[in-house]
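**Student:** Quick one: the structure is below, questions incoming.
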Ligand SMILES: Nc1ncnc2c1ncn2[C@@H]1O[C@H](COP(=O)(O)OP(=O)(O)OP(=O)(O)O)[C@@H](O)[C@H]1O
């Protein structure tokens, strides 16, 4: 286990009482505004001293209120990337990076300055001042500075929240590379499920200062019971698929265990494994294999669970030859089709419904 957290903290009108474990990889803290994400990550960083609790990173105790241990931030060996990058405005990018190196605590990731510059594409920016950088570039420098402090874990609090969709799409591949190239555990705070679905291995779902659910991302994103918590529009499973062919008409063929998927605009090489997020609302269920349909993605599946919602909707969990999928249909359709666990049927996906933004490089 990389990080283990069990803390309590009370503000006027808000109580945080949360425990979770972050294994190696990217652990996402997800929850609505005010759920307690920043309070929790600040407690891990040492920027907030919780009323009570214990936090360990690998075998080091960062906080143990019973033993009166509370390491100051600079002794925790953590890199912190904030939503507002907090670069030094009077220093060049190079000097901002040097600042990270100067305060390297040692022991953490052994990335050299040139590794970091390459990984984050910073070479053309080194002589610039922060005011001459775009939002995405600024965040890349902030990440570089945090990495050069040789942290044992990176804490990222809404690092992309201030960026527009295009800049966000620009920076996500860098985060994916960071994750795959270096074995650095990351605690990633976000209220954007699309980012989390692309990056995270583990999901910790916070609600009202408590951990509502925690576990592997694939399990939680395909759990029909969590659809109302994750948001009915955003909920959807992630699956890994291998790129097998790019056709001249722009459609890419991706292989999953249940068959082939045909999706537009997949920017990955043949042979690459990519993570594809399929929103529950984009999946239609048919009892028999549909004929004469414009959709090209029809997969044989088995219903694994039916979750009727409080309103007109129902969430249906599906097994596609070992890959979990989720569909959101009306409760009326679920009843009319007589859907129940164990029933074989077909999942229909519109090719254009899986946006490029939902496709990320494979994160083992
Ligand atoms: N210093 C403080 N004093 C009093 N209350 C605070 C303080 N910091 C946070 N809170 C309260 O604690 C609750 C959790 O805040 P927190 O910032 O941790 O939530 P969050 O999940 O990060 O939200 P957001 O996504 O909006 O950043 C909120 O109700 C907030 O008003």
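If you go along the chain as it appears here, the first residue is 1 and each next one adds 1.
Just so you know, glycine gets a Cβ as well, placed from its N, Cα and C.
Not my notes, these are from TrEMBL:
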{"type": "DOMAIN", "residues": "2-233", "note": "domain 'ABC transporter'"}
{"type": "DOMAIN", "residues": "292-358", "note": "domain 'Mop'"}
**Student:** Mind tallying the domain 'Mop' (292-358) by DSSP state, helix then strand then coil?
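**Tutor:** Within the domain 'Mop' (292-358) the tally stands at 12 helix, 34 strand, 21 coil.
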**Student:** Across the domain 'ABC transporter' (2-233), what does the mean pLDDT come to, as a whole number?
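**Tutor:** Value for the domain 'ABC transporter' (2-233), mean pLDDT as a whole number: 89.
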